[in-house]
Amino acid sequence: MSILVKNNIHWVGQRDWEVRDFHGTEYKTLRGSSYNSYLIREEKNVLIDTVDHKFSREFVQNLRSEIDLADIDYIIINHAEEDHAGALTELMAQIPDTPIYCTANAIDSINGHHHHPEWNFKVVKTGDTLDIGNGKQLIFVETPMLHWPDSMMTYMTGDAVLFSNDAFGQHYCDERLFNDEVDQTELFEQCQRYYANILTPFSRLVTPKITEILGFNLPVDMIATSHGVVWRDNPTQIVELYLKWAADYQEDRITIFYDTMSNNTRMMADAIAQGINEVDPNVAVKIFNVARSDKNEILTNVFRSKGVLVGTSTMNNVMMPKIAGLVEEMTGLRFRNKRASAFGSHGWSGGAVDRLSTRLQDAGFEMSLSLKAKWRPDLDALELCRQHGRDIARQWALAPLPETTQKTAPVEETTTCAAADLGPKMQCSVCQWIYDPALGEPLQDVAPGTPWSDVPDNFLCPECSLGKDVFDVLATEAK
C-alpha cells in the first residue's frame, strides 16, 4: 500500500497500531506509531529510509508491489536506528549493490546493527547534493545529536519537501497521513510528549540547527517526518513550536509527583497543593503518584512546568526506587530553567529527602527548601505542608500574585460548631487509615469538608482498597 504525498513522492511506510513500548519500555506509545518510508520516482528512483525491523519482510513485499526493486537507484538513510533502517538487511539481500547515502557516523551504526561492511555506502555531508533528474536534487543536512550522532535531514528541490527524520515527528498512528486531517488536540499533545521525552536533552542544538536550515533560504511546502503525520498545512507551525520549546520553555505550572508506602507522603502532596492554590489560584498544579501514573506524562508535565515538587517515603534510608529512577531520567533529559523542592515522610530514621534534594540539584534544578514529616502527618504537620505550598507559590511566581484578604479567625464556639457539623473521623478497621472530613480525599474527588455520610458509596480506602463498610468511627471520637 502506498499514499501519494506530492507529485512523484509516495509514502511506503508501516503503521503500528499495537506498539505500546518504545526504546525498550522507556517511552509509552499510547497512540501507536508509524515508521515512515518514502519512495521518490523521478528519472532516478530513490527510497528514503525503511521501517522497524519487525516489519522487514512485510515492508519489502509491499515495496515490491510498488516498484521492481532492481529499479531503485539510491537508498537514503537519514538515521540508522532500528525503527528507521531496520528493514535494510531484508532489502539489501535483494539489491546488494544499491548505493546507500548516509553520514559517516551512520555507517558505523548500520554496520553495528546489520554487520554488512561490504554494502555500497556513500558518505554525505551538509550541503552535498544528489541529482535525481527532472531538474530536481536532494540536498543533505547533517543534524548530529537530533537525536543520534548519525542523524541527517534530506531536502528535495522542486517539490520543496523536507524529509526531517525524527525532528518534528510524533509517535501517533492514524489512517490519515497529513496533519490537517487528524485530531489537532491529540496531534499536538503527542508532538510535545515526543519533544519532552526524546529531544529535550538536545534543546541547545535545536535552535542553531533550525537557523542553519533556514539559512539555505529554501522554500518548505511539506515536512515529511519519520514518525506520525506529514506536515502539509502550514508546516512551519511545528518549526515555530520547536524554537519555542528549545528556549528554556516553561508555563505557569507546577508538577508534584511522589511515591509512598503508607499514604503519608501522599497526604503531604495534597496539602502542599492546597497551599499553592490558596496563594496562587491561577497556577496549574498537577499531582502524580509515580506508581500509578504514566511516566512519560509526568516527564512531559515537568517539561511544561516552572517547578517540580518531588516526594518520597524513606525506605532503607534512601528514596523509593521509582522516584530514584524518575529523577535519574530527569537528569538525563537535562531540563533547564526549572525549580525544585523535595518532601517526604519517614519513620524512625530519615535520609531520603536529603538524598533526593542532592540528586535534584545534581540534575540541574534550582533548589528551594525541602520539607520532612515524621510518621503520618497530623493536623499541625499538614498545616506546615500547606504553608510550604504557600511559600513555594510566592517564591516561584512568574507574575505579581493577587492580593489575598486576611481571614479573621472565627470565635472558638463557631469553630467547634463547624467541626462538629462535619461529623466524626472514620478509621479503616483493616489498615487503620483515618478519614478526616476536614481534609476529604481529593484523589477520589471527595472535597475537604465532606462528612462521612456524604462520601460516595464507591469510596475505597486509599491504603487497602476496601469499601466504606469496613470503616468505624474513630475510637477517640466514639461517644
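Even glycines carry a Cβ here, placed using N, Cα and C.
Listed features, source Swiss-Prot:
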- 30-210: region 'Zinc metallo-hydrolase' (REGION)
- His79, Glu81, His147, Asp166: Fe cation 1 binding site (BINDING)
- Asp83, Asp166, His227: Fe cation 2 binding site (BINDING)
- 254-393: domain 'Flavodoxin-like' (DOMAIN)
- 260-264, 342-369: FMN binding site (BINDING)
- 423-474: domain 'Rubredoxin-like' (DOMAIN)
- Cys428, Cys431, Cys461, Cys464: Fe cation 3 binding site (BINDING)
Local Cβ density at Glu81 (Fe cation 1 binding site) - other Cβ atoms counted within 10 Å: 21
Residues of the domain 'Flavodoxin-like' (254-393) by DSSP state, where helix covers H, G and I: 65 helix, 36 strand, 39 coil
Most crowded position, judged by CB atoms within 10 A, among Ala342, Met367, Cys461 as binding-site residues: Ala342
Fewest other C-beta atoms within 10 angstroms, as judged across His227, Ser357, which are the binding-site residues: Ser357
C-beta crowding around Cys428 (Fe cation 3 binding site), within 10 angstroms: 19
Secondary structure tally of the domain 'Rubredoxin-like' (423-474) (DSSP, helix then strand then coil): 9 helix, 10 strand, 33 coil
Sequence-distant neighbours of His79 (Fe cation 1 binding site) in its chain (C-beta under 8 A, six or more apart): Asp49, Ala85, Ala106, Trp148, Asp150, Ser151, Met152, Asn165, Asp166, Ser226
Other residues, Cβ within 8 Å of His79, Glu81, His147, Asp166 Cβ centroid (Fe cation 1 site): Asp83, His84, Leu146, Trp148, Ser151, Asn165, Ser226
His227 (Fe cation 2 binding site) and Ala342 (FMN binding site), distance between Cα atoms, whole Å: 37
Cβ-Cβ neighbours of Asp83 (Fe cation 2 binding site) (radius 10 Å): 25
